[in-house]
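Below is one structure; the comments refer to it alone.
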Amino acid sequence: MSPPPVWLMRQAGRYLPEYRETREKAGGFLDLCFDPKLASEVTLQPIRRYGFDASILFADILLIPQALGQKLWFETGEGPRLEPLEDGKAVAALDVDGAADALSSIYETVSILRSSLPGETDLIGFAGSPWTVATYMIAGRGTPDQAPARLFAYQQRDAFEALMDVLVESTAQYLLRQVQAGADILQLFDTWSGVLPEDEFARWSIAPTKALVERLRALGVTVPIIGFPKGAGPLLPRYVAETAVDAVGLDPSVPLSWAVAELADKTVCQGNLDPLLLVAGGDKMLKAVDTIIEAFDGKPFVFNLGHGIVPQTPPEHVGQVVERVRNR
Ligand code: 1CP
């Protein structure tokens with residue numbers, strides 16, 4: 001059987017010494033994201049090392065809140081911080097129409113990448129799904145369970161609905177511009193969809209993603225769209241059917257036999273090696289690669305991790321996984 005295409009979420013990042021060097025040169029993380037030369041350089045680093053089948057634009061899902069007018073900064077060693085959104089008034093003040101224009105340096109990065117990458121290497125553009133981006137906008141930071149946004153959605157439903165509308169429109173415009181600049185595929189990261197009960201999942205993960213996909217199609221975007229609703233579990237088939245994404249990312253907790261039975265005939269599956277096995281390495285890692293590929297034999301499938309590469313990953317393990325995927 002021919003090997004599936006392979007790329008890894010967070011394939012550019014702190015586990016690579018050359019990334020740490022470029023990031024140092026840029027100053028802060030946001031300086032790196034907004035410098036087209038340096039951002040394209042770190043995007044290309046893992047392609048040079050490993051020859052992945054796809055490259056993912058180096059940027060962040062939190063650039064949209066910043067472009068909408070929310071203050072964003074990164075605390076060294078801690079992560080992102082935003083000035084929390086507190087009510088409908090703050091939502092109404094967001095600059096929907098100006099957001100996509102504020103991100104023009106990102107499109108410049110995309111266009112540098114499309115002309116620097118080998119023709120056979122697909123370029124993936126991305127954004128966060130509205131729900132996941134909103135969780136950060138409301139909490140102002142990462143939290144273990146995104147309780148602030150969940151509570152906000154229950155207590156101030158109209159304001160939350162308005163925030164979803166703002167994010168659907170600004171994200172559609174942002175992704176349209178990425179495609180116009182040369183992105184071949186789009187991925188929507190819904191990292192926090194798994195904290196939602198069923199009705200809330202339908203309301204805040206599925207419905208805004210469906211609206212975003214519809215808006216992109218209405219704007220003339222025809223490239224494939226990958227949805228990644230992390231932690232969606234048994235709600236994955238419903239997510240795929242209702243959002244009309246073209247492919248779905250599976251996190252490491254999704255059982256392979258279940259995914260093959262419930263999803264593999266309906267969509268393209270992508271995943272789902274545990275990022276911690278990539279840290280551990282050895283036979284366990286290689287066997288898990290084999291098990292995943294064998295499970296999806298004959299089905300449309302893209303090999304990936306079930307979530308992003310973590311900083312303590314030994315770079316040589318990444319090379320061993322790519323080699324195993326291609327030469328089994
Ligand atoms: O110190 C550093 O160098 C910053 C670490 C880092 C990196 C490498 C952050 C901060 N963002 C990124 C890049 C990034 N983020 C990419 C680049 C492309 C790639 O190689 O994959 C992508 C796709 C993202 C997406 C992203 N950012 C997500 C969704 C995917 C996921 O990992 O769940 C989320 C939740 C973020 C927010 C964010 N940005 C950075 C951090 C540390 C976080 C998580 C914050 C938290 O929850 O506490």
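Note: Cβ is positioned from N, Cα and C throughout, glycine not excepted.
No curator has checked TrEMBL annotations; they are predicted automatically.
TrEMBL lists 5-14 (among others) with the feature domain 'Uroporphyrinogen decarboxylase (URO-D)'. Taking the domain 'Uroporphyrinogen decarboxylase (URO-D)' (5-14) as a whole, pLDDT averages 97 in the prediction.
Among the features that TrEMBL reports, substrate binding site is placed at Arg10, Gln11, Ala12, Gly13, Arg14, Asp60, Tyr136, Thr191, His307. Note on Ala12 (substrate binding site): other Cβ atoms within 10 Å of its Cβ, all shown chains, come to 24. The DSSP secondary structure for Ala12 (substrate binding site) is coil.
Residues annotated as site 'Transition state stabilizer' in TrEMBL: Asp60. Here Asp60 (site 'Transition state stabilizer') comes close to Phe29, Cys33, Pro80: these same-chain residues lie at least six apart in sequence, with C-beta atoms under 8 angstroms from its C-beta.
Among residues of the same chain six or more beyond the domain 'Uroporphyrinogen decarboxylase (URO-D)' (124-140), those with a C-beta under 8 A of the stretch's C-beta atoms are 7, 54-57, 59, 61-62, 64-65, 70, 80-85, 110, 146-149, 152, 160, 163-164, 167-168, 171, 174-175, 178-179, 183-193, 196, 204-205, 208-209, 212, 226-227, 229. Feature annotation from TrEMBL assigns domain 'Uroporphyrinogen decarboxylase (URO-D)' to 124-140 (among others).
Maximum intra-site Cα distance, substrate binding residues Arg10, Gln11, Ala12, Gly13, Arg14, Asp60, Tyr136, Thr191, His307: 23 Å.
Taking a Cβ cut-off of under 6 Å from any atom of ligand 1, the binding-site residues Arg10, Ala12, Arg14, Tyr136 reduce to Arg10, Ala12, Arg14.
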